[in-house]
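According to TrEMBL, the protein carries these features:
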- 30-545: domain 'Major facilitator superfamily (MFS) profile' (DOMAIN)
- 32-55: transmembrane segment (TRANSMEM)
- 67-86: transmembrane segment (TRANSMEM)
- 98-117: transmembrane segment (TRANSMEM)
- 123-145: transmembrane segment (TRANSMEM)
- 157-179: transmembrane segment (TRANSMEM)
- 185-207: transmembrane segment (TRANSMEM)
- 315-337: transmembrane segment (TRANSMEM)
- 343-365: transmembrane segment (TRANSMEM)
- 452-470: transmembrane segment (TRANSMEM)
- 490-511: transmembrane segment (TRANSMEM)
- 523-541: transmembrane segment (TRANSMEM)
Amino acid sequence: MVEGGIAKPDKTDFSECWKTTCKTPYIMRLSLSAGIGGLLFGYDTGVISGALLYIREDFQQVEKKTWLQEVIVSMAVAGAIFGAAFGGWINDRFGRKLSILVADILFFVGAIVMALAPAPWMIIIGRIFVGLGVGMASMTAPLYISEASPARIRGALVSTNGLLITGGQFLSYLINLAFTHAPGTWRWMLGVAGLPAVVQFFLMLSLPESPRWLYRRNKVEEARSILEKIYPANEVESELIALRNSIEAEKADEQAIGDNFLAKMKGALSNVVVRRGLYAGVTVQVAQQFSGINTVMYYSPTIVQFAGFASNKTALALSLVTSGLNAVGSIVSMAFVDRYGRRRMMIISMFGIISCLVILSIVFFQAASHAPKISQLESTHFAANATCPSFLSAPNPTSWNCMSCLKAECAFCANGANEYSPGACLAKTSDLETSCHGQHRTWFKDGCPNKFGFLAVVFLGLYIISYSPGMGTVPWIVNSEIYPLKYRGIGGGIAAVFNWVCNLIVSLTFLTLTKALGSSGTFLLFAGYCVIGLVFIYWFVPETKGLQFEEVEQMLKSGYKPLAFKTKVNEG
């Protein structure tokens with residue numbers, strides 16, 4: 001997925017999960033009810049990609065200001081950073097159930113605010129509310145599922161949350177496509193998220209609190225009654241003992257290192273194993289985001305339009321492919337990560353990502369180079385003041401092509417006979433767009449007509465295929481295994497913060513980069529980031545496949561070096 005985690009299930013987990021949940025449907029009810037949070041997480045992060053196309057049409061200031069588009073997209077990510085921190089406090093203080101209920105309220109309020117927004121600033125406020133809900137759901141839903149699941153099928157059940165996240169993203173693209181011709185378009189796209197939030201809210205009201213949280217709050221009998229609904233009668237006492245031992249060990253660790261955040265942070269950073277674990281954990285999270293994945297998930301239809309597909313509906317339909325491939329890749333990862341290993345899958349994934357980004361850069365460069373020329377006759381074919389002012393004042397207008405026109409903040413009205421022939425460079429106004437369409441011509445304002453657009457979509461799909469099974473899911477698995485038990489929460493939290501912050505940086509700068517460097521230069525820049533990420537992964541990230549937590553800890557204590565480097569040192 002993009003910014004959540006898919007737990008690592010054992011290869012026997014899924015068959016065992018099916019048997020267990022058939023015997024005890026209550027377990028699946030708990031998991032799916034909480035998993036709706038994952039669905040909302042995926043939906044709210046994916047839906048903006050299509051909604052943005054229509055928000056730009058309704059609000060001229062959004063169309064004209066790239067930074068405003070970036071703010072609308074990225075404010076959900078900014079909200080998620082604070083939502084995750086706030087959600088952690090609510091989880092510990094008031095329980096997992098209340099945290100999910102608060103997230104639902106935030107989702108619902110955010111959806112309604114966006115759907116009714118009279119101006120862009122209201123959409124931004126709605127996105128912040130949704131982001132707070134996303135941040136809380138991203139950490140609470142898998143936590144609740146893991147604590148309310150039998151240990152033997154925990155991996156498979158927590159994996160359903162990850163699948164629901166990618167499924168939610170896919171659903172958002174379907175909803176976007178469904179509302180392309182509906183009155184209000186983007187308002188429906190953004191408002192629909194309120195419905196599953198309401199459903200989850202009422203489902204969660206009838207469900208219990210996490211037994212682990214209850215036991216930690218000395219509500220032992222309440223915890224026992226929930227365990228009796230989850231486990232067979234002959235396993236309840238043993239599970240209760242295991243729960244008691246786990247919580248006692250946790251409390252002992254808190255006494256040793258302190259139970260406040262600063263004490264835990266100091267203890268973590270002074271521990272050499274944790275520091276080396278963070279080198280690996282933070283490396284894979286930063287590399288994941290700077291591979292550019294969320295530029296694709298948040299701006300996919302816009303990128304497709306950069307490739308020369310002017311129609312919003314066509315852009316949304318083609319973007320649906322990338323979202324579907326991302327969901328499929330998550331399943332592929334779960335099937336192969338234990339067979340081939342985390343490190344190997346990430347390295348192979350990065351090679352594929354780099355190759356696709358370089359090819360995409362070449363494709364977009366060729367598309368720009370072969371853009372149709374601007375015809376003086378075509379440009380003056382419309383109203384007297386319709387021609388792009390920059391074109392009229394250009395010292396050498398005969399050298400202009402479609403890309404020159406778009407860079408001048410104007411629009412290209414394709415030739416009526418053949419859109420690859422010289423066309424008109426016009427001022428970017430809604431009246432001229434209507435006039436262009438009225439003459440059965442295509443209006444281009446983000447990309448130019450070219451014969452390379454299909455290749456861009458193909459390699460965008462291959463990029464997702466390369467990313468999803470490796471860099472999409474494995475970084476979260478690595479972060480669940482790389483830290484000592486007593487520091488696992490804070491280590492994973494630090495790495496997750498790096499993930500969210502890098503996500504924010506990428507989503508907040510993508511359109512600005514494409515404006516400054518062009519689509520070709522931007523994809524090449526991300527390829528460069530990936531080369532650096534690949535080097536860091538090779539150097540800092542050990543293989544943890546098949547290792548016990550104690551073995552991972554011992555390996556980090558000794559100091560990890562790549563096998564090829566160790567061999568050279570020994571030979572020397």
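Each Cβ is built from the backbone N, Cα and C atoms, and glycine gets one as well.
From a predicted model like this one, the values you see are computed outputs, not experimental measurements.
Within the chain carrying the transmembrane segment (32-55), a Cβ under 8 angstroms from the stretch's Cβ atoms is held by residues 1-4, 62, 69, 72-73, 76, 100, 103-104, 107, 110, 120, 123, 127, 130-131, 133-134, 137-138, 140-142, 144-145, 148, 160-173, 175-177, 185-186, 189-190, 192-193, 196-197, 199-200, 203-204, 207, 297-302, 305, 312, 315-316, 319, 323, all 6 or more beyond its ends. Residues 284, 287, 291-292, 306-307, 333, 336-337, 452, 455-456, 459-460, 462-463, 465-467, 469-472, 474-475, 478, 518-521, 523-524, 526-527, 530-531, 533-534, 537-538, 541-545 of the same chain lie 6+ residues outside the transmembrane segment (343-365) yet bring a C-beta within less than 8 angstroms of a C-beta in it. For the transmembrane segment (67-86), the most Cβ-contacting stretch among 98-117, 123-145, 315-337, 452-470 is 123-145 (pairs under 8 Å). Mean model confidence for the domain 'Major facilitator superfamily (MFS) profile' (30-545) is a pLDDT of 86.
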